[in-house]
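Asks: Per TrEMBL, the feature domain 'Calpain catalytic' maps to 43-337. What TrEMBL lists as active site is 101, 255, 279.
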């Protein structure tokens with residue numbers, strides 16, 4: 001399909017942030033840019049993230065690209081392109097050439113909750129009404145929600161197939177455009193090659209993540225998962241370290257997955273606890289007990305088997321909680337911030353964000369094993385947990401989550417590695433009185 005569009009460039013209304021703050025994306029006025037394109041009858045081209053190899057990167061990813069890479073807009077790729085469709089039963093996405101399974105695993109978790117997804121992806125965008133080739137996405141970026149604007153030119157091979165993220169519904173393009181926006185925020189597609197599920201979950205929600213080492217999983221892990229699903233948290237997980245090699249059991253080592261559901265079933269031998277996972281590749285599934293072809297399903301009633309078992313090669317599968325703990329390394333649970341929850345379940349919780357920095361010669365006091373006369377120089381914050389008011393006492397414990405974020409030191413998120421950071425938690429034996437500065441030492 002050959003189509004021609006007049007082009008509208010953003011040389012006036014889109015500008016780079018000149019403050020030198022690498023944690024913030026370029027400032028671009030989406031509404032003004034779109035209005036100008038509609039007025040001039042042209043399609044937007046984003047000079048700050050152009051349709052060139054510079055936006056893809058400069059490393060190993062270039063060697064994976066097809067020899068005749070092209071950039072095409074969705075109306076050039078499909079006769080009926082859709083940005084988003086609420087009619088799609090499952091918003092399945094498939095990973096492309098970029099090694100960003102961590103991003104896709106988080107995105108798949110996000111897509112399970114349309115109200116949360118709509119905070120990141122404005123769902124009223126389309127390729128028909130007021131189409132100008134410009135799209136907007138929102139990410140929580142170090143304390144604030146920021147807008148990222150992209151044009152809709154996407155890299156494809158000679159056959160017109162997307163080389164990066166695609167949808168199982170070939171005419172849906174929200175996932176590919178969201179990946180492009182996240183690549184722009186990160187510096188390039190190449191900068192999505194390495195990451196953690198927790199990073200993307202935070203960028204999508206502004207929530208606080210909790211990581212559980214499954215080798216040391218608590219005895220009540222099933223209860224933890226049940227509460228997480230009930231309270232609408234986003235959940236991802238990761239297999240043991242490796243180079244994304246497909247194992248004999250069907251799992252991929254060093255790979256991120258999305259936890260999409262849990263189910264307690266009753267077999268002839270007693271209860272069984274199952275978890276449902278999805279591979280961002282959109283294919284290659286677990287081959288052990290409770291896989292699509294497992295005989296374990298015959299232990300269930302016909303009704304329950306029909307309800308749960310789907311023999312589709314779509315990357316989604318069931319496995320027992322026991323096998324999950326044995327074959328996966330990390331479980332990541334993202335608790336949403338109160339402002340993002342439209343339907344709060346259970347008791348509400350409070351949320352506070354504080355900023356600090358380590359500076360040589362000033363606030364960089366080193367680890368606890370450092371000399372005691374410097375450790376106190378590290379940034380310190382006081383956390384007060386108040387007892388319930390009379391008449392509202394509860395025997396349940398109060399849960400506190402503390403999460404550290406590190407701003408990038410370069411416009412490209414992976415160009416300079418993160419520094420090792422951490423925190424210590426001390427119990428203060430007596431109340432701190434007054435507003436004067438104080439310093440604690442171990």
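Backbone N, Cα and C define each Cβ position, glycine as well.
Looking at the shown structure, what environment does each listed feature sit in?
Replies: The Cβ of residue 101 (active site) has 24 other Cβ atoms within 10 Å, all protein chains considered. The secondary structure of residue 101 (active site), as reduced to three states from DSSP, is helical.
Its Cβ placed at the centre, residue 255 (active site) has 26 other Cβ atoms within 10 Å.
Remark: residue 279 (active site) has 252, 255, 257, 285, 315, 316, 317 as non-local neighbours, by Cβ distance under 8 Å and separation of at least 6 in sequence. Reduced to three states, the DSSP call for residue 279 (active site) is coil.
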Asks: Between 0 and 100, where does the mean pLDDT of the domain 'Calpain catalytic' (43-337) sit?
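Replies: Here the predicted model's pLDDT, averaged over the domain 'Calpain catalytic' (43-337), is 91.
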